[in-house]
Every structure is written in structure tokens, then in C-alpha cells.
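Engineer: Questions regarding the structure given below will be posed in turn.
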Amino acid sequence: MYRFAAFAFLLFVGVVFHQSHGIEVNVTDKDKLCLYAKLQLNFTVSYEGNQTIHTNSFKLPENATTDGSECHDNSSTLKLNFGAGHSWSINFIKNGESYHAGLVTFIYNLSDTSYFPGASSNKTMNVSRNASITDVELNTCYSCNSNEMISADQVNMTLSNVLIQAFVINGSMSENITVCAADQPVIPTSPSTTTAAPTPTTPPTPLPTPQTGNYSVESNASVCLLANFGLRIGFKLNQKYHEMNFNPVGANVFGSCGFDSSELMLESEEMIVTFTFFNDTKKFHLHTLNVTVNAGFGFNEVKTNLSLWETNIGSSYMCNKEQNSTITDQLSLYTFNLRVQPFGVQKGVFSTAYECSLDDPSILIPIIVGAALAGLILIVVIAYVIGRRKTHAGYQTL
């Protein structure tokens, strides 16, 4: 990304955005500007109608509100609310001398006929994806005129004419900008014929069992989400597989609790892991996992529509033994001493736990009984064969 100083910044704001139509918002903390955003956002949503699939396109209205937006030392959230229960949000995470965007979440209410005419459902839907806003220097504005399409399930979100500064310092916007890669000029490069020598590979050193972290999220001064686990991430980058343990010591814990979804975000020096849980009124499960590895790798992977750690609302999910889940071809999740409850926490303690099959010894009983019966049958068959041979030997002619 490129940086430009005051003249380019003022020219950019005065000319480009003056000609565009979008939304401009200021988020304040203690009466000081802490997050600025000006952008255009278009949605295209496919949804079920009566015996057919409908597709509707609409723009984020200019009168969207910023309720729910917030600024913290190491993370900020821009939330734009519109219509009857719709919202679009993007969170920003500080990493040393730069920051980047994390999860983009769009919540939409199919019962709002002004946006979803003819919908056969009145459910509130929730989709999440990661934005490609990375490596933005602190005290600069991120600018991107080009279109960025973010696709999630049946939704396409197109961002354009973006000017954002998260982590505004001392309430004043910066005059420097960081330009997105899509807006940068293409510099032709001459082809190279140099062939790199293959590097010898050595087997990785086994990692120790990760330390168990105890995490909680509060809402209205009471605990609404609890999670205890040791965490290891396995990921493939440039055809090479890596594993890293999450270090809970000194980690930052963020999150939110809602009726339909709750979120837990863990941030260490090496990585950021975000868990999004869904509630279908009877059961909850892990729906979305977003992993960003910062420690010299630049790896990011997001997966939605998961169905992990499912159990009844009002219970907690527990799995003490190591649990290995393949999230995508590029990402694996390992948990140890896991116990999680993202909904229905009472008095700040876990509810009765549903134990995973790995922890349940009763599942071994049918296996043991089956193995014993198979062994008994085998013994009977062998004894029968031996008996038959002895019988035939007794009737042989001398």
C-alpha cells in the first residue's frame, strides 16, 4: 500500500467523494472522534419465496445509524443499522504499528418486505466474511475507490469509494492515507529465469499441549459467555503445513452476546481467533471460525456454516480430550479441555455439561461387547473345525 500526504488526501476527499453518494459517519468516544468512515455499500441477496428464489439488490441508506459502534485501545467496531432490524458491521484490530479489518457481519431480517418482498420466511439471517483491508499504518486513513465484493452464502456485499480511519488519535483525522492494492498502479516486471534450489525439509518439532485459557464475555455487567480450552491452530501456507499454540497469557478477550448469535474474539501477539455461535432456540453450535495468524505468516481463513460443539440451550458443551476438527483444506482446529457456553449463562458459572463422545466411556461398552462376541464366535468356529478333523481321522482305513 502507498501513503500520500496532505495535498493528495484533500484532493482525494474533495474530488472523488464529492462526486459519489454514500454514507459518512463519525464514531466518538468521550466526545472525541475515534473512528471515521465514508463509503458506498451495495447488497445483493437471494432468498426463498413461494416456489421460487428471489434476488433483490439495494444500497446501504445514507440515514443508517451507528448504534453499537465502539472504540477500544486494540479493537474498534463500525456498526451501521438500517431498516427493520438490519445491520452491517466491520471490526478493526490493532497489531503493533498497523491495523487491519477482521470480520464483516451482515444481519438481515427477511420479514422486512421493503427489502425482501415475497420472502417465504420471517427469519433473521446472519452471514460473516473477512474483508481484505490489511496492513493499514496507524494514524493513516485507508482509501479504496475500487470495488471489493464480499460474498457470503446467498449474499454479495460490494464496498467502494471507501475512506476509513480506525483508531483516530487525539480526535483528529490524519492527513495521510494508505491506498489499497487494487488502486495502486501495476508495475510490469521482467520475467526471471532463476530457479531456486529446493530447501531441505526437516520434520517439525512436536508442540507441547497448549495451556488452557479461561475466557468470559460480559453484557450489562453480567457474564453471558463462558469458554475454557487449550487451543492449537494448524494451517497450510505456500504448500507448507504449520501448527501454533494459542498463548492465553496476556491475551485480549473481546466479544458480544445476542439472542441469535454470540461472538468470542481472542487476540494474542501471534494470532487472532474469532468464534461465532448460533442459537436456533433449541440448540447452539459453533457456526463461524475466523483465524488470522500475524507472526510473520499473513495467514487468514474464514469458514461459516459449521456445526461443531452442538448441544442444548441451557447446557454447556464439554470435551476434555484432544479434539481435532478439519475446518477447511487450509485450516485445522485442535482443542484440549474444552468447555463452552455461549448462551444462557446463569450466575457466571457453567450449566450442566453435555460430554462429547470422546469423553463418554459408555460408548466403549458396545464395542467391548461386540469384540468379545466376535472372539467367542471365532473360538467356537476353530473348535468345530478341529473337532471335525479329529472325527474324520478316526474313520480312516488302515
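Any Cβ shown, glycine's included, is placed from N, Cα and C.
TrEMBL entries are annotated by machine, without manual review.
As annotated in TrEMBL:
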SIGNAL    1-22  signal peptide
DOMAIN    26-169  domain 'Lysosome-associated membrane glycoprotein 2-like luminal'
DISULFID  CYS144-CYS180  disulfide bond
DOMAIN    210-345  domain 'Lysosome-associated membrane glycoprotein 2-like luminal'
DISULFID  CYS319-CYS356  disulfide bond
TRANSMEM  363-386  transmembrane segment
DOMAIN    365-396  domain 'Lysosome-associated membrane glycoprotein 2-like transmembrane'
Engineer: Counting other CB atoms within 10 A of each CB, which of the disulfide-bonded residues CYS144, CYS356 comes out lowest?
Structural biologist: CYS356
Engineer: Given CYS180 (disulfide bond) and CYS356 (disulfide bond), what distance in Å do their CA atoms have, once rounded to a whole number?
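Structural biologist: Cα to Cα, CYS180 (disulfide bond) and CYS356 (disulfide bond) are separated by 45 Å.
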Engineer: Using a 10 Å radius around its CB, how many other CB atoms surround CYS180 (disulfide bond)?
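Structural biologist: Result for CYS180 (disulfide bond): 20 other Cβ atoms within 10 Å.
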Engineer: Sorry to bug you, but what's the C-alpha spacing from CYS144 (disulfide bond) to CYS319 (disulfide bond), rounded to the closest Å?
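Structural biologist: If we compare the Cα positions of CYS319 (disulfide bond) and CYS144 (disulfide bond), the gap is 44 Å.
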Engineer: Measure from the Cβ of CYS319 (disulfide bond) and count the other Cβ atoms within 10 Å, all protein chains considered.
Structural biologist: 22
Engineer: Roughly how many Å lie between the Cα atoms of CYS144 (disulfide bond) and CYS356 (disulfide bond), rounded to a whole value?
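Structural biologist: Cα-Cα distance, CYS144 (disulfide bond) to CYS356 (disulfide bond): 46 Å.
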